[in-house]
Amino acid sequence: MWGIQRSRYADCNGSEASEEAEIVVNIGGVKQVLYGEVLNRYPDTRLAELVDWSSQSCEEISSLCDDYDPETGEYYFDRDPEAFKCIIELYYYGEIHMKKGICPICFMKEMEFWKIDSDFLDECCKSHLKEVEDELGEIAERVRTILVDREGDPSAGGWQRFQISVWRLMEKPESSLPAHVIAIVSFIFILISSVVMCVGTIPELQVQDSDGNLTEHPTLEVIETVCICWFTVEYLLRLISSPNQIKFFFSFMNIIDFMAIMPFFVVLILTSIGAGVMELANVQQAVQALRIMRIARIFKLARHSSGLQTLTSALKSSLKELGLLLMYMGVGVFLFSALGYTMEQNHPDTLFTSIPQSFWWAVITMTTVGYGDVYPKTTLGRCNAAISFLCGVIAIALPIHPIINNFVLFYNKQQVLDTAAKHEIELMALRTGEAEASPGDHKHICGAAGWDKSMSTCHSDTYIPLPKDGRGGNC
């Protein structure tokens with residue numbers, strides 16, 4: 001039997017302590033003696049009701065507990081004894097602290113059983129509970145997305161069903177085999193287009209036009225045109241089938257897709273206008289700049305790589321650390337470039353002609369690149385350089401660990417959420433199979449519409465209510 005010693009909570013008057021009612025409870029096989037004065041501090045709770053009902057009949061007392069022994073006066077509760085250790089803290093300390101290792105959702109059910117409001121939970125435990133609820137919400141959203149991808153939305157009309165089908169085909173590779181094939185083909189086109197862009201700059205593979213200027217080989221231009229046609233059709237289909245076209249158009253990844261195909265059509269329009277326009281120097285520079293923008297296609301790989309998406313999320317969450325890095329580097333560059341100029345300006349062969357010109361030297365020194373085009377020639381200047389690259393190493397190393405830690409946390413969280421969502425789908429399938437196999441009039445429960453009904457009727461502690469949005473897709 002465990003418990004807190006009575007002497008810590010009894011009144012100083014010994015006669016009052018002896019006359020106090022004792023309540024013996026058995027929580028999951030663990031016995032504890034509680035005292036009426038302590039329990040009455042919170043009269044609306046279930047334990048406090050035991051004090052008032054101790055003189056009632058066994059049938060009435062049984063409504064408060066799972067079983068009651070009138071001979072020993074012992075109340076039996078089929079509850080978690082570890083969670084009860086936390087529950088009993090309320091009567092002595094005025095708040096509840098959830099111990100490590102207890103499921104927050106299950107613990108809230110324990111508090112509900114003992115008729116204790118969640119406001120008595122410690123602030124640190126409330127934040128932990130909020131994190132768990134957010135994770136369960138994400139799992140529920142993933143479950144709904146998987147169900148909608150598999151079976152569609154039965155309430156959608158003809159055009160909406162077509163939109164959803166095309167959206168799943170172009171945006172959800174895991175929804176079907178054709179969608180998986182399209183994702184692989186798109187990935188191959190991205191690689192081919194990037195390789196063609198690089199190979200087209202090799203002089204040996206270029207040809208001369210009528211004016212004697214080197215241009216891309218016609219074969220490479222044909223391959224480029226085919227790739228652009230694929231990217232254009234893919235972009236238009238995703239735009240048409242998107243649940244929210246405005247959100248789709250201003251999404252970062254979709255802006256990348258637009259920038260990847262836009263230069264081709266702009267150059268095509270300028271070329272078709274006429275040779276006179278193309279002879280203008282400004283137009284030629286614009287065309288070259290648009291061709292360089294084709295490098296944006298490499299970012300399309302992030303659409304098919306969960307690792308790159310996780311890296312992007314980790315960098316977004318590490319903006320504070322990146323800002324500190326830029327601030328440290330900015331202060332160091334300004335300081336050491338000014339010192340370098342001051343120490344080197346009197347040398348006859350100095351390479352530090354001004355402080356702004358010394359910024360370049362400070363950057364490549366603090367980042368330990370050291371091209372060697374600018375270097376100090378005096379003893380003081382070299383000492384300044386040594387201190388600068390040591391400070392640069394420290395400044396760069398400090399925020400690296402938080403950034404890597406954020407990446408690991410995001411990646412592990414995504415893996416856990418994906419696994420949990422798949423397990424919930426498998427669990428629902430098992431329960432649906434058991435309902436079909438059991439005698440009686442049981443109907444098959446399928447899709448997102450039957451999720452809440454099938455899961456809530458099983459009285460599971462892990463029941464996850466799904467969001468009401470039936471589309472289940474993001475732009």
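Yeah, the Cβs are placed from backbone N, Cα and C, and that goes for glycine too.
In TrEMBL, annotation is done automatically, which means it is predicted and not curated.
What TrEMBL says about this protein:
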type     : residues : note
DOMAIN   : 21-133   : domain 'BTB'
TRANSMEM : 177-202  : transmembrane segment
TRANSMEM : 222-240  : transmembrane segment
TRANSMEM : 252-277  : transmembrane segment
TRANSMEM : 322-343  : transmembrane segment
TRANSMEM : 355-374  : transmembrane segment
TRANSMEM : 386-404  : transmembrane segment
Restricted to the domain 'BTB' (21-133), the mean pLDDT of the model is 84
For the domain 'BTB' (21-133), residues assigned helix / strand / coil by DSSP: 52 helix, 21 strand, 40 coil
Going through 222-240, 252-277, 322-343, 386-404 one by one, which has the most CB pairs that fall under 8 Å from the transmembrane segment (355-374)? 322-343
